[in-house]
Amino acid sequence: MSRKDSGEKKARLDKGSIKKLRGVFRFMMPYKGIFTLGLICLFFSSTILLALPKLIGTLMDTAQGIVTIPWLPDLTSVGFALIAVLFLQSLFSFARVYLFAKVNENAIADLRGALYQKFMSLPMSFYDRNRSGELFSRITSDVSVLQDTFSTTLAELFRQLATLVFGVVILFMENPKLTFFMMLTFPVLIIFAIIFGKFIRKLSKGTQDALAKANVIVEETIQSIGTVKTFANEDFEVNRYNSNLSGVVNIALKAATYKGTFISFIIFVLMGGIIGVLWYGTYMVSQGEITIGDLTSFVLYTMFIGGSIGGLGDIYGNLQKAVGATDRVEEILAAESEHEIDKENIPRLEGNITFKDVRFSYPTRKEIEVLKGVNLHISKGEKVALVGKSGGGKSTMAHLLQRFYEIEGGDLLIDDKSAKDYNLIGFRKHVGVVPQEVLLFGGSIEENIRYGNPEATKEMIIEAAKKANALEFINSFPEGFETLVGERGVKLSGGQRQRIAIARAILKDPAILILDEATSALDIESEKLVQDALETLMEGRTSLIIAHRLSTIRNAHKIAVLDNGVISEIGKHDELMEKEDGAYNKLIQLQEF
Ligand SMILES: Nc1ncnc2c1ncn2[C@@H]1O[C@H](COP(=O)(O)OP(=O)(O)OP(=O)(O)O)[C@@H](O)[C@H]1O
């Protein structure tokens, strides 16, 4: 389903959207037994409460010596009956609140779990298309809206409907004439609610959208606070956020104007209805048609019913919000995963790689073909340096080797079998990456290294750190392996982060390695430590190195030049340098790799 479709459907609570809401209800299905029990308690708590107006009316009449209920002949017995009703309804209320919470909390946790699992399994192209701030809000605010729906809105809907239906039935049985008179106000209320409801919903959706946009600014700038500060753009961002916020305020105030008018009109009509009932009722009392007690219970019932009608408006609005949230949540749940959940272990690969006439353009930028027929063979254990102009598609080849995207033309063969024929998760276990810019998770050094193999023992981690030339600096920290690396690893230096990434890759022990060499040079000492660690890591593996340093290029078994979407030259440094107007020669002359 496209985003446009989902946007259009959000405006109405029609058949389609109710069907979608039902879709999310499937998360409640495992708990339907408890839910039904909760519904029964809800039914009893609301209907028992309807005995109150009748008993209060009886109290009034008993005080005047009129006995309406034979088994409640005096004030004391009516008083006890009132307390009993309150007590019973409290019991049922407690039970329904608890039971609904049980269903709700479990169902929402399941939904959050399912969403997160989906996020993890969605392909890179999905993340190219969506902003992380927006995705984050699905699992936070949209799910919260659904949580409210499951816990409060639904219960309120059933409660108000029960009160409304039973209240009106009781009133008709007690006093048809007065009930008919009271119900004259209904059509006015309903028509008004429909017209205004539509405006209000549209505007509150506008407010939500505007707020979401403003939240994206906060999320993105906090994530990249360093960039904001480098460019001294604090004021620019503050102004951008503030101007978005004033947009939010404007729309919200417009919505408030409609809401205010709506609410005051509803109060006016409801109160007007009650005054009308009192006026006509007192006339009936004066004619001896009904007692004061009858009138009292009638007015109380009218208030109950009025309250329910007023409440239904809010419930409708909340359901509307829930439909919007459902739409957005369902859109994610329905998106196509890049792989099946089941994974398959693949025996160790040899590591022969063949790019065979590979053509590729990014799904979000179809018009630009990045790779136009790449041919490259890397035999097992070989080190190949990939060079080419910036933006030429080197990282793209690395992405394809990790199967982040589907190849459009040609094929990528791993050990003579098409890469796409391997189980995806199983396949990726055999590919290791040391990226240019290492981002660590916020935990400890040990946790970050263990990410390469969650089952590794402490000894294996220490061994990997040692091979990665990281043990010395780790031990120099007072907390050693327990040292927290800070968000994204900011508390470590670039060279240290790289060695952690190397240790992680050693622990993963892949057959195929992708190294994206850092463009920014480290100081000579840490450069050597990193370089040595990389050499150790590459031993016995097939390596594709996106190279930026002449020393790396010279050490490679062969150099592949990516030029204009194809591999234009392959060979050793000296061989390639011999071609005077060759692409490699130019790259070296201009130091453009
Ligand atoms: N996720 C993406 N979606 C759309 N286009 C992309 C994406 N990633 C890269 N590109 C585009 O694909 C082309 C190749 O990019 P790539 O990152 O592979 O180049 P590169 O050779 O690795 O460059 P560099 O040496 O600067 O890292 C560029 O034009 C880039 O704009």
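Cβ atoms here come from the backbone N, Cα and C positions, even for glycine.
Listed in TrEMBL:
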DOMAIN    37-321  domain 'ABC transmembrane type-1'
TRANSMEM  75-99  transmembrane segment
TRANSMEM  157-173  transmembrane segment
TRANSMEM  179-200  transmembrane segment
TRANSMEM  262-283  transmembrane segment
TRANSMEM  295-316  transmembrane segment
DOMAIN    353-589  domain 'ABC transporter'
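With a cut-off of 8 Å between Cβ atoms, the residues of this chain six or more beyond the transmembrane segment (157-173) that come close are 39, 42-43, 45-47, 49-50, 54, 179, 182-183, 298, 301-302, 304-305, 307-309, 311-312, 315, 319. Along the domain 'ABC transporter' (353-589), the predicted structure has mean pLDDT 89. Beyond its flanks by at least six residues, the transmembrane segment (179-200) meets 168, 171-172, 255, 258-259, 261-262, 265-266, 269-270, 272-273, 276-277, 280, 302, 309, 313, 316-317 of its own chain at Cβ-Cβ distances under 8 Å.
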